[in-house]
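Data first, discussion second: the structure below is written as structure tokens.
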Amino acid sequence: MTPNVRPLVAGNWKMNGTRASLDQIKAMAEGVKGALSEKVDALICPPSTLLYVATALCDDSPLLIGAQDCHQNDTGAHTGDISAEMIADCFGTHVIVGHSERRTDHAETDHLVRAKASAAHQVDLIAIVCIGETADERKAGQTLDILKRQLAGSLPDEATAENTVIAYEPVWAIGTGLTPTTQDVREAHAFMRDELVKRFGDAGKTMRILYGGSVKPANALELMGVENVDGALIGGASLKAADFLSIYAAYEQLTA
């Protein structure tokens, strides 16, 4: 954790979830009510088909709702895409950009991710900018070089601690059950913090840096307790309310 930084526990449902899944969001919305919500933010990013209904379900809950991607343009002939303005119109508060699955499946570049983050900022959405190295890059000892390049290329100049969150997701750890050691996480997050401070000054000291990659109830407390880890971006474990709330509850000990 970073002193004086409010943690964020975020769930990315990816291409999962139908109307029947709204029961899980209802349970999460109830589960995050209480004293811990005054210290820790909770966010779920369902598929776009559920975005508006999910925000309505959370109207009287501190549970935040966001989207998984946005187009870099406001409007236009972009079949199948969703704009940042559309997300804001559905009362979403956050949007994930640059997830490794988007970078791989859709060949998204740092330049494009940067444009998407800027589009989010234009309509007062908080951009969650994802970065991380592949297994081959890790084996080649390139982790820090990749993080430096992606931070420099993916973050727009107007990024602040208020409108931007960084999510470090080692690509090789996503959905594999593999996780880096706490020392690996500590070194990566310390490096990113230094890079953010070099570029953004004091704002870089309090930008939230999340860890993502096979986060689950069994390892949440250990991972979230690492210095400069300001929360989690959770995949599969966010699909069930019980698992998501268990990870969220790790902060009951960490913030005591």
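Glycine is no exception: its Cβ is also placed from the backbone N, Cα and C atoms.
What Swiss-Prot records for the substrate site is Asn12, Trp13, Lys14, Gly175, Gly235, Gly236, and among Ser214, Ser246 the residue it adds there is Ser214. The Cβ neighbour count for Asn12 (substrate binding site), using a 10 Å radius and every protein chain shown, is 26. Reduced to three states, the DSSP call for Gly236 (substrate binding site) is helix. In this structure the C-alpha atoms belonging to Gly235 (substrate binding site) and Glu169 (active site, proton acceptor) are separated by 11 Å. Cβ neighbours of Glu169 (active site, proton acceptor) (same chain, under 8 Å, six or more residues apart in sequence): His99, Ser100, Cys130, Ile131, Gly132, Tyr211, Gly212, Gly213, Leu233. Neighbour counts were taken as the number of other C-beta atoms within 10 angstroms of each residue's C-beta; across the binding-site residues Gly175, Gly235, Gly236, the minimum falls on Gly175.
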